[in-house]
Amino acid sequence: MGGSARARWVAVGLGVVGLLCAVLGVVMILVMPSLIKQQVLKNVRIDPSSLSFAMWKEIPVPFYLSVYFFEVVNPSEILKGEKPVVRERGPYVYREFRHKANITFNDNDTVSFVEHRSLHFQPDRSHGSESDYIILPNILVLGGAVMMESKSAGLKLMMTLGLATLGQRAFMNRTVGEILWGYEDPFVNFINKYLPDMFPIKGKFGLFVEMNNSDSGLFTVFTGVQNFSKIHLVDRWNGLSKVNYWHSEQCNMINGTSGQMWAPFMTPQSSLEFFSPEACRSMKLTYHDSGVFEGIPTYRFTAPKTLFANGSVYPPNEGFCPCLESGIQNVSTCRFGAPLFLSHPHFYNADPVLSEAVLGLNPDPREHSLFLDIHPVTGIPMNCSVKLQISLYIKAVKGIGQTGKIEPVVLPLLWFEQSGAMGGEPLNTFYTQLVLMPQVLQYVQYVLLGLGGLLLLVPVIYQLRSQEKCFLFWSGSKKGSQDKEAIQAYSESLMSPAAKGTVLQEAKL
C-alpha cells in the first residue's frame, strides 16, 4: 500500500507540474508578443533611457564615402562636336564620422539637433591618391555658359573676355582633392564682382566642399515617446515644414525620417521615406525582398524606377521639372541655377538615350543600384549602399566662345556610394537583445507547452493502469466464487434422494 500511494502522489505531482508548464506556455504565447512589442517601442524611441539612443546620437557603424570620377578622354574632340568619351577612375574612399550635437528636447514630443560630419581619406581602400589629376568639365565655365544663355549679348561678351583673361577653359585638369574639397578660382571672384546674383559662392569652389566638417542643417524630428505613430518623422528642417525649390506642393513636402532610423514593425507593404538635404527633396524606397544579414532577418528596400522619372512617365514628378529624358532629376533650382542633374550611376534605370550619348558608360543593376537592409522589427538599418551620380548639362552657347561646338549632352561628372554595415560589438549587442532573446523566449514557450502536455499524461496513464489492475482483481475474484458455487451445487445434487436411487440401481447392475 505504501508503494502504491507514493506512486499515486508522484503521478499527481507530475500532473500539477505539467499543468503549470502548459498554463505558463499558453500565457507566454498570448502575452509575449505584446511584451516584446512594448520593449521594442521603449528602446527605439529617441529617449536617453532607450537602448538605441547612444546609437542614434553617434552612429557606431563605420560609414564610407566612395567616389568614382568620369574622366573625359577626348576634351578637344568634344569641343568640335564629337561624342564624349569617359573613363571611370576610382574609387577614392573616405571614412565618414557623424555625431549629433545641440540636442534639444522640445515640449511637442520632438527633438532638434544638427549632425556634424567629417571625412578622412583612406589610402588602403582607394585606387589612387587625392593628388591624382583628373580631366573634367569646368563647371564654372560650361555650367555658367548654360546659365548665361538667355542673357544679353553684352553680358555674354563680358563673360567670354573674362574667361579668356583669366585663362579659363571648357575642361580642367585638377587633383581629386581640389575637385572635391575646393580650390581657389579667380573666376569665382570675377563672377562675384560683376555677376553677384549668378553664383552666391565665396571662397573655394568644390563639388563636396559643403560635405566635410559641416552639417546638413537643423533637423527637428518626433521622438515617439508620447505619440508612437510619428516616431522618427521629420517635423521641420531648418525651421521649415516644406521646401520651396520645386513647382508643386507635393514635391516640396518634407516627408519621412532623416534617413537613419524608421518606425518599427515593418511589413512588405511598408516603404522607406526620408528627406535628403543634399537632394533637396524627399525620397521613397520600396520593398524588394527579404534576407538575412549576419543572422539578423532583414527587409531590402530599393529605389523604384519612378524615383527619378520625368513628369511624362510619372506625373507626380512633374513638380521637379523642367525635365529632360526620364531617369535624371534637374537639381538646378537648389544648386544656384547650375545645370546639374541627379541620377543613378551610369544612368541606370534611365532612358537609354542618356547612356548611349556618352561612350564609356555601362549601367549594371548589380553595380549601380542602391539598397537599404532594414531589421523590420526595430526599423534600424543593418546594411546600406546609397549610390548617386552628379551630371552636368553642357552645350555650345552662342556668344560664349569657350563652349565651341559642343553638342547638347548630359555629361556625368562623378558618382558616389555611401555605405555602411553594422558589425563588431554593436552587432553582437543588437543580435543578442533583439534577435536571440526573442527567439529563445519563443522556443521556451512551445517547449513549456509540449512538456506540460507530456507531464499531464502521467496521471492519466497512472489512473488508467490503476483501473485495469482493479478490473483484473475483480474479475479473478468473481471467477473464484462461481467455481465454489458450482462445486457446492454438484455436491448437494449427489446427496439428493433421486440421486441416491440412481446410484443404487447402477450398483445392482
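Just so it is clear, glycine is given a Cβ too, placed from its N, Cα and C backbone atoms.
Per-residue pLDDT, averaged along the topological domain 'Cytoplasmic' (1-11), amounts to 66 for this model. The topological domain 'Cytoplasmic' feature in Swiss-Prot is assigned to 1-11 (among others); the stated evidence is sequence analysis.
The transmembrane segment annotation in Swiss-Prot covers 12-32 (among others).
Taken from Swiss-Prot, the feature topological domain 'Extracellular' covers 33-440.
The DSSP secondary structure for ASN102 (N-linked glycosylation site) is strand. Annotation comment: Swiss-Prot describes ASN102 (among others) as N-linked glycosylation site.
Other C-beta atoms found within 10 angstroms of the C-beta of ASN108 (N-linked glycosylation site) number 11, with every protein chain shown included. Annotated N-linked glycosylation site per Swiss-Prot: ASN108 (among others), in sequence order, evidence recorded as sequence analysis.
For ASN173 (N-linked glycosylation site), the count of additional Cβ atoms within 10 Å of its Cβ stands at 13 [all protein chains shown]. Under the heading N-linked glycosylation site, Swiss-Prot lists ASN173 (among others).
In this structure, ASN212 (N-linked glycosylation site) belongs to neither helix nor strand by DSSP; it is coil. According to Swiss-Prot, the feature N-linked glycosylation site maps to ASN212 (among others).
The N-linked glycosylation site feature in Swiss-Prot is assigned to ASN227 (among others). A C-beta separation below 8 Å, combined with a sequence spacing of at least six in one chain, links ASN227 (N-linked glycosylation site) to ASP109. Secondary structure at ASN227 (N-linked glycosylation site), taken from DSSP and collapsed to helix, strand or coil, is coil.
Swiss-Prot lists CYS251-CYS384 with the feature disulfide bond, giving similarity to another entry as the kind of evidence. CYS384 (disulfide bond) falls within a strand when secondary structure is assigned with DSSP. In the structure as shown, the Cβ atom of CYS384 (disulfide bond) sits within 10 Å of 21 other Cβ atoms.
Marked as N-linked glycosylation site by Swiss-Prot: ASN255 (among others). Sequence-distant contacts (6 or more apart, same chain, Cβ under 8 Å) of ASN255 (N-linked glycosylation site) comprise VAL234, GLU273, PHE275, SER282, LYS284.
Of all Cβ atoms in the protein chains displayed, 22 besides its own lie within 10 Å of the Cβ of ASN310 (N-linked glycosylation site). Look at ASN310 (N-linked glycosylation site): DSSP puts it in coil. Taken from Swiss-Prot, the feature N-linked glycosylation site covers ASN310 (among others).
Sequence-distant neighbours of ASN330 (N-linked glycosylation site) (same chain, 6+ apart, CB under 8 A from its CB) are PHE320, CYS321, PRO322, CYS323, LEU324, PRO339, LEU340, PHE341. What Swiss-Prot lists as N-linked glycosylation site is ASN330 (among others), and the listing cites sequence analysis.
For ASN383 (N-linked glycosylation site), the same-chain residues 6+ apart in sequence whose C-beta sits under 8 angstroms from its C-beta are PHE293, THR298, LEU372, ASP373, GLY420, ALA421, MET422. According to Swiss-Prot, the feature N-linked glycosylation site maps to ASN383 (among others), an assignment based on sequence analysis.
Positions annotated as transmembrane segment by Swiss-Prot, on the basis of sequence analysis: 441-461 (among others).
The feature topological domain 'Cytoplasmic' is assigned by Swiss-Prot to 462-509 (among others), with sequence analysis given as support.
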If you measure between the CA atoms of ASN173 (N-linked glycosylation site) and ASN212 (N-linked glycosylation site) and round to the nearest Å, you get 22
Comparing the Cα of CYS251 (disulfide bond) with the Cα atoms of the glycosylation sites ASN102, ASN108, ASN310, the shortest distance belongs to ASN310
Integer Å value for the Cα distance linking ASN310 (N-linked glycosylation site) with CYS384 (disulfide bond) is 26
CYS251 (disulfide bond), DSSP three-state class -> helix
Nearest to ASN108 (N-linked glycosylation site) by C-alpha distance, among the recorded positions ASN102, ASN212, CYS384, is ASN102
Across all protein chains shown, the glycosylation sites ASN102, ASN212 give the max Cβ-within-10 Å count at ASN212
Rounded Cα distance, in Å, between CYS384 (disulfide bond) and ASN212 (N-linked glycosylation site) is 21
ASN212 (N-linked glycosylation site) and ASN102 (N-linked glycosylation site), compared by Cα position, are separated in whole Å by 18
